Amino acid sequence: MGNPYYECPLPVTIPPAKPFLESIKLGIKETLFPDDPFRQFKNQPASRKFILGMQYFVPILEWAPRYTFEFFKADLIAGITIASLAVPQGISYASLASLPPIIGLYSSFVPPLVYAMLGSSKDLAVGTVAVASLLISSMLGKEVNPNENARLYVQLALTATFFAGVFQAALGLLRLGFIVDFLSHATIVGFMGGAATVVCLQQLKGILGLVRFTHGTDLVSVLRSVFSQTHQWRWESGVLGCCFLFFLVLTRYVSKRKPCFFWINAMAPMMSVIVGSVLVYLTNAEKYGVQVEGVAVGRSFAMFKNYHIDGNKEMIAFGMMNIAGSCVSCYLTTGPFSRTAVNFNAGCKTAGSNIVMAAAVMVTLLFLTPLFHYTPIVVLSSIIIAAMLGLIDYEAAIGLWKVDKCDFIVCVSAYIGVVFGSVEIGLVIAVTISLLRMLLSVARPRTFLLGNIPNSMIFRSIDQYPIANNIPGVLILQIDAPVYFANANYLRERWIYEEDEKLKSTGGSSLQYVILDLSAVGSTDTSGISMFKEVKKNIDRRGLKLVLANPRSEVIKKLVKSKFIESIGQEWIYLTVGEAVAACNFMLHASKSNNQVADEFDAHNNA
């Protein structure tokens, strides 16, 4: 780096300014249409555009004409398989939502038909989920007691489903599906784990055969309710529940170890319902504290297949199926992971498997509901617990601890909020922590001191590469984020007040140049430009020269318009840090040579 020979570097090109409206249009396109969903309509006749448009919004029109008998056989097997899981889960999750079990079956009949027409996923199996069921129960239960006013409670649940569908469809139509990206993986792991724990705790009522139970979902309320009624515990119910829970967990373990036996895990819930109902019928177990569902039913009567899924289209599909479902006595549905995994493993080829599942559930609704008269609640509780245990991803939490302690804290905070507060509190904590961490990473960007890797023209952070050497007379700083109003004051204070230490550590009085590496600064605003100007003034006061390296397109355009480049000088802007350092070294050697000539001339005159 001390070579005095210097080649003239390539100039930094200032891109032409774009019209304001064009810039706005480009920004909206990148935000809302990053996948360019309308590219297929370009250069197409009107008739073809109409057909493509119908296929885009109603995907069944795209795959149905190509449907084959081979596809039908695969979808038939997959549909029947997931139906065996949908029926017991529908009944179980409806009771978790404090709704009549028949509504849980309805929710596995109409929404899958709607999704089969509008959904873009080949593998997604539609149905009710435990977390959404718990949310409905905990939120609506605060307003209406489902036992005292069941009719009003059901109406509220269906109304909530309708507006949830409207909200989902609106997000999809407005291309706002990217909002869900603001929930980090750590937040989702913590929230889902906490919700699964709460759901499991709620099932202690069914496992222990309790008649009265707390309406609270937090750990303290549940444990207080359980241990204050020890005299009401029914050992018959507990033993039966533990046996079925062991059976369900064992089948899940076997299917994970041997994926070819996935059908065992899929059929286990239905087998549990059948065996449990037969046991209750043969032994009259309801006389010994094993509660059944008879009254409620009597009264009610993306990766592995390498194809693209449009998140916004999925939001529209979910929204429409919930809107339609709410009109025919269905409550909130989505795509449960467990059911979708079974559908995938069963070899489904299209969304037609949802149609088969809906047909199987319809048969159940028409002819088989009387058979559920003796279904024991303890079996339903065991099915829910077994499903929820799969959502408590402790391995992911351990991985977060090993990789990123901050992510682990986020995960645990969301978990604690759900378990010790409520599902709503946990959800608020999860969203708040995700947004807070994102804002902190933007508002508090890091700056790095760069050095030269020996025997190369590569410059890297000295913290990461201790072998990197400081350049005599030159301080190189890199900003690791966009510079705008959210972090401008922070960077200003950091550079003006804290960089003194770096100046001292890199040469102090011998320092002559400060190079700012802007390669990671993708954008800036007027606040950021004001910060650059103030930093330049501070550097000028110290008698130093500010040099810029690799400014990005949007940044250089704004620096030119603000006349900041004019104050620095176009000759002090370089394409790379290496060229900037070479230029600074050249000037340092030239200055040193001039000083030596001046000293020799002075010495000669004095002689």
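Any Cβ shown, glycine's included, is placed from N, Cα and C.
Please treat TrEMBL annotations as automatic predictions, because they have not gone through curation.
Under the heading domain 'STAS', TrEMBL lists 464-584. Annotated transmembrane segment per TrEMBL: 71-91, 124-140, 152-174, 233-254, 261-282, 315-334, 355-372, 378-401, 408-436, in sequence order.
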At a threshold of under 8 Å on Cβ distances, which of 71-91, 233-254, 261-282, 315-334, 408-436 pairs most often with the transmembrane segment (355-372)?
71-91
In this predicted model, what is the average pLDDT of the domain 'STAS' (464-584)?
81
May I ask whether the transmembrane segment (315-334) has at least three C-beta pairs under 8 Å with the transmembrane segment (71-91), counting pairs 6 or more apart in sequence?
no
Interface check, the transmembrane segment (124-140) with the transmembrane segment (261-282), three or more C-beta pairs under 8 A:
no
When counting Cβ pairs under 8 Å to the transmembrane segment (152-174), the leader among 233-254, 261-282, 315-334, 378-401, 408-436:
315-334
Winner by Cβ pairs under 8 Å against the transmembrane segment (233-254), considering only 261-282, 315-334, 378-401, 408-436:
378-401
Mind checking which residues of the chain, 6+ beyond the ends of the transmembrane segment (315-334), have their Cβ under 8 Å from one of its Cβ atoms?
57, 94, 97, 99, 103-104, 106-112, 114-115, 118-120, 126-129, 132-133, 136, 154, 157-162, 164-173, 177
If we skip the immediate neighbours and take only residues 6+ beyond the ends of the transmembrane segment (408-436), which ones have a Cβ under 8 Å from one of its Cβ atoms?
131, 134-135, 138-139, 182-184, 186-191, 193-195, 197-198, 216-220, 396-397, 400-401
